[in-house]
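Undergrad: Would you mind keeping the following structure in view while I ask a few things?
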């Protein structure tokens, strides 16, 4: 669930009135890391690929990025495209290239978002804590964003790798994050998707700078405007976003959630699905009772509470966070935080990967009754009976079955479904991407997913079985598989039994009745 975000707009209905589009999670732009040996698969000019609107998105002539850069290994893959390492031909300098497939931008809204992302990165160019954009290019098939390569990895990866942690270290981290928030706000930008995955270290050096990336959901601040787009990622979204009336204060809330996780290893709000997380966020009850909170300083808890204040008008500002005694006054102690916090953080990260895999494999075993009308919907869209649907067929289906599927849901399918990046969605990808409707956290569905992964039916998922499934569903590299096994296998026998599997599926999302966190 941590690797999902939503983007929804108010739209006009046929009668001219405004209707709300429901909250439906969709996948964020850049997701799991992939092996070094994978090479870019840029669509060949010889392969005809349909683009709905022949006009350019960036408003400038098409350019072949390969005239200026050689594209190397794949760094990450998301709903809209792929990020590669690239080398500038003229200088030999190394950058990252985010290639966004135009065929996945199914609406004018999506195209505007890409333009806004580029404009915001250009606007913030030169700011030390912001990933620098080098240039943007467009060809018939993709929009390419060339930007600074941050080789130091994600925030949580660095913290976990260090193996030790303190409040003083957490204070330094949150200062860097809120520095970014202040820079954005002073320059008239709301980020709207602050989360640990979007903070990268510039290099592997110990003193490397922490930088913010991914402005795909960001917006320019307009004086007096009340924002209504439901955007962000479930664990980190502010309550006023869910109420569809907010401003720049939402970034402080998200930073507060990150601080809470830094101090205890788990998010402050969880439930058994995304909708349940939203309910808990709206309740806004913060737990400072369970371990390790009794040993966390009062000053740290005071700052968390002020950053997670429900009323945005009363919430602390970025400038006030930076002046808080825990940040500026040296009140954050250097005493190491309990090692279980790092353990929980690792499990929280691994849980997201395993849940994503389980959703995909569960789609295979859903009954006709559980799938309800989705099979018919897929068949109606698959007009040539090829067993797959293209984005154009998906759009046509939207027009023909408007009462059955909203444009937001189609965008969700586009960004979340096409696992192998081949430009089409097969039946099980389609079902998997809509499975949030079917309460698949229930034990019966968890058991079905476990059985699917347990190929030899011996009651355990082995490393080979997990590796096979993760690669089959386009999710696995060696590091990801090793991480999931090590975090789920609580009895250290090298295998995952059903109880371990079920516990991980509920980790970080099911509110415990006792006084224990879901991660131990």
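The backbone N, Cα and C atoms fix where each Cβ goes, glycine too.
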Undergrad: According to Swiss-Prot, which of these ranges is region 'Autoinhibitory domain': 332-362, 363-393, 394-424, 425-455?
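TA: Checking Swiss-Prot against the ranges 332-362, 363-393, 394-424, 425-455, the region 'Autoinhibitory domain' one is 332-362.
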Undergrad: Let me know the model's mean pLDDT on the domain 'Protein kinase' (69-327).
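TA: Mean pLDDT across the domain 'Protein kinase' (69-327) comes out at 92.
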Undergrad: Inside 10 Å of the Cβ of residue 424 (Ca(2+) 2 binding site), count up the other Cβ atoms and send me the figure.
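TA: Around the Cβ of residue 424 (Ca(2+) 2 binding site), 18 other Cβ atoms lie within 10 Å.
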